[in-house]
Amino acid sequence: MFPTGSRISRCMLCVGLTIYSLIAVVVSSNIVATVSRTIDKNGFHRNLRTEISIPRESIHFKPSTGDIACAVLLEETLPSGAFVDPYQLESLRAFGGPDVLCLHDVDTEKPEFLSQPLTIFIFSHLHLHEGHWTSNVTIPIHMRYQRPFQRQDYVTVTFLNPALFLRCPDTADTGEYDNIEIVFACDSMNQAVCTWFRIDYTSTKGNLDVQVPVGRLEHLPFVIGATIIITLLGCIMLIYMVIYHLPSQKKSKDS
Amino acid sequence: MVEKETAEMVKFWLLLFGSFLLRLLLIFYGEWQDSVMQVKYTDVDYFVFQDAANFSVQGKSPYLRATYRYTPLLAWMLQPNILWNSVFGKLLFISFDVLTGFLIFCLLRNTNTVSQRQCIVASCLWLFNPLPMTVSSRGNAESIMTALIIFCLLMLQKGRVLLAGCIYSLSIHFKIYPVVYALPIYFYLGDGTLITKFIRTSDTAYRTNLMRKILPNKNQTVFILSAGFTLAVFTGYYYYRYGWDFLYHTYLYHIVRKDIRHNFSIYFYMLYLTTGLNNSVILGLLCFLPQFLLLVVFSFKFYRDPPLAFFLNTFAFVMLNKVCTSQYFLWYLGLLPVIYPNLHISFRKAVVVLVLWFVGQGIWLFPAYLLEFDGQNTFLFIWLAGIVFFLINIYILLTVIAAVSHTSHPCWSHTPAHNDQLSTSLCQKKSLKKIKMT
């Protein structure tokens, strides 16, 4: 299945990523996209929603082909306080869920302070909507437990903005866009590689913040004391009852 | 009389069949829900098993699937999931579930204190209990454990010590928690005189006597050897095939598991707050001590009634474990029907205990929901709810112990596994006493 796919293809992509950093040439961009991001829901299970919008006229097509839907790639680096569950994404895909590639195994159980930031790749197609090429992707994310804090109920986890790449079948070979170019997987199936162009975007908001509840260290002495005392007393009571207050035991002593 | 018994047996077979059909219906319902809704009926772990089975089919290690923390035997057993149909595992699990109900019946029928009718009622407590029904039809493998444990009890009861040893170690191979039954089994296979004398005297002559009693007799040796051999074969073979991955995920992970995320355990908040602090070793010992003490005391006291000792040990283990999720409750619920007919407890009190048990979980679930799905900082309330649930559990244990104390019949089976004269005569004496009293 998807994230556990052959290790060889993973390595191939690792190479692809290094090429990306080597051949990267910074040239000013023609296309300016708009990206707006929100995080829905509360608690430890949330939805990260990304809306991409590109003006229709900024992508030029050959007259012979007309408009062709382009694909976008979001290179998203999740903070160590959050993660995606590749297996959940895999099962959501059957219901039209997002197309996400995750090149590393994800430990869904570790707390934030034992985890690393996680880079994932989200693939999506652009659709023509009111004069704009748009795409709307929602991925389910989960928050990790944080280290307890003193006099603080919440800790802030910040989601950075992603890098945005574009791939249009018609424009790719025209050389019309001389942006940063990378060779990377065409989709999350990770079977073939495509050429992607990095495009700039303006973000409607800055980075996103999520408040995660944390344990309070000033509870510590009280919690340790009460927990240990209650468990020990409960046990002593049970043992006392079992050894000295069982009628059957007294009877069997008599017999 | 015989005719009546046959009629009851026919009824029991029909009930078994009916409970199987009900579970089948649940599986069909689940398949439907999975195909139309995003919220799945199928257990998350079932997909883990299935992915592991897929690797198994390809001749690869099932541990390539992250979070697969079970024996490779399970992945191997579920290969038809890939080769035939993904429903196979669920069919297997509900079969084990119904088998558990059947074994409960068998176990109780061999006990001379329970009528056939009571056996059927107790069996139905499992067969028509919505909890195991949904759990197994959702594709959770716990039913294999309950079947193995009750089968092990049955073999002990029938005096088939060798087989009991094999089954017991197989159950440990599947999940480690049955190690808490080692002590009661060992004492049970002894001559049954350990505790009465232990309490009476403490002189040196007795101490040498006690040493003699603690050293293994023939049955105990057979049990230790068969259990040890079976466990060694499974562990050795899978270690040879899958190496460290197998040892870590099947055994070690469950022992060293340190999950600080909120759960039913009374220790949860304490362990979360102390993560990264240096005094964790002392605290770890303080958490381990109550669990250990209760297991030893229950084993010493109730080993002559193994189902009861098993139940109490499991309950104490789960109640005082550092991590406790609702799946753990099934471990003792499977043993409840086996001890229930021997509990002298009024219907009203049984209902009170049951309601309290659910209320305890409900009180916990509310702040846990607010934390997990609403992002409110309710850690302190979850901890307080954990304490309330712990106190309720203590009360349940006290009630159960008080309810068994009225039975003046410590002898479990009419065919004791040990052919020891003393123990048999002890049984007879008790029975006679009972007859006189009535």
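FYI, residue positions are counted from 1 along the chain as it appears here.
Just so you know, glycine gets a Cβ as well, placed from its N, Cα and C.
Here's what TrEMBL has on this protein:
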type	residues	note
TRANSMEM	B:12-30	transmembrane segment
TRANSMEM	B:82-108	transmembrane segment
TRANSMEM	B:147-170	transmembrane segment
TRANSMEM	B:176-199	transmembrane segment
TRANSMEM	B:220-240	transmembrane segment
TRANSMEM	B:281-303	transmembrane segment
TRANSMEM	B:310-330	transmembrane segment
TRANSMEM	B:350-371	transmembrane segment
TRANSMEM	B:378-404	transmembrane segment
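Just going by CB pairs under 8 A, the stretch in B:12-30, B:82-108, B:310-330 that sits most against the transmembrane segment (B:378-404) is B:310-330.
Proximity of distant same-chain residues to the transmembrane segment (B:82-108), defined by a Cβ-Cβ separation under 8 Å and at least 6 residues beyond the stretch ends, is recorded for 12, 16, 19-20, 23-24, 27, 30-31, 42, 46, 49-50, 53-54, 57, 114, 118-120, 122-124, 126-127, 132-133, 136-141, 143-144, 146-147, 150-151, 153-154, 157, 307, 334, 337-338, 341. Note on the transmembrane segment (B:147-170): residues 96-97, 99-100, 103-104, 106-107, 110-111, 178, 181, 185, 188-189, 219, 222-228, 230-231, 234, 306-307, 310, 334-335, 338, 412-413, 415-418 of its chain, located 6 or more positions outside it, place their CB under 8 angstroms from a CB of the stretch.
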